[in-house]
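Here is the structure we will look at.
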Amino acid sequence: MNNIILVGMPCSGKTTVGKVLAERKKAEYIDTDQYIIASASKSIEKIFSEHGEEYFRQMERSVILDIIAKLENSVVSTGGGMPVKSNNMELLKKSGTVIYLKTTIKNLSDRLDRKNRPLFKDPDAISTLESLLNSRSSIYEKADIIIECNDDTPHEICEKIIMSINSINTHF
C-alpha cells in the first residue's frame, strides 16, 4: 500500500477518518498536528500566539520534508492549511495518494470547536470558514481523489476511499 494523505478544511473529519482507515488497512497513522504538538511541547494555539502562523506553517513544511516524504504504508491526516503553502501539495502528492475530504460549510461549522482552533477565534467563525474554503478549495481540488463526505460516517468515507484507490490502481 502506498501512503494515503488526507487533506481538507479543519473539522472535515481528517483525524477521525484517518484513524479508522489506518486501522482498517493495518497501517501506521500520523496526524501532522499531533506530531507538531508533541515536537514543540506546545498546543497549536500556543504556537500561533507565541510565534505566529508563518512559523507554524514552516513547522508543517518540515514535517512534509522530514517525516511524510520518508513514510511507507501509512495514513496521514494533515492540518487544514498544510497543502496550501508554497508547493506543499506537490510534495504531498509525491509522497502518496492525496485525498480531499470535501464537505459543506454547514457541516464544518456544526463540527467546529472554536476554543481549540486559533483561526476561528472571532465570533463570525462561519465567515472565516467560508473565506478559508474559498481561498483553499482550488488547492485541495488538486488532490488525486476527492471524496464528498457530507453526511457519511467515518466508516462509509473509508469505504469510498478504498474503492477510489482500488479504481485508480486498476487503471495503471
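Including glycine, each Cβ sits where the backbone N, Cα and C put it.
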TrEMBL annotation, substrate site containing Asp33, Arg57, Arg136 - matching residue among Gly80, Gly96:
Gly80
Which of the binding-site residues Asp33, Arg57, Gly80, Arg136 has its Cα closest in space to the Cα of Lys14 (ATP binding site)?
Gly80
Across the record's substrate-binding residues Asp33, Arg57, Gly80, Arg136, the largest CA-CA distance in angstrom?
18
Cα within 10 Å of Cys11 (ATP binding site) - qualifying binding-site residues among Asp33, Arg57, Gly80, Arg136:
Gly80
For Ser12 (ATP binding site), which residues in the same chain are close in space, meaning a Cβ under 8 Å from its Cβ, but six or more apart along the sequence?
Gly80, Leu101, Lys102, Thr103, Asn107, Leu108, Cys149
Nearest recorded site to Gly13 (ATP binding site) by CA-CA distance, among binding-site residues Asp33, Arg57, Arg136:
Asp33
Rank the binding-site residues Lys14, Arg136 by the number of other Cβ atoms within 10 Å of each Cβ and report the first-ranked residue.
Lys14
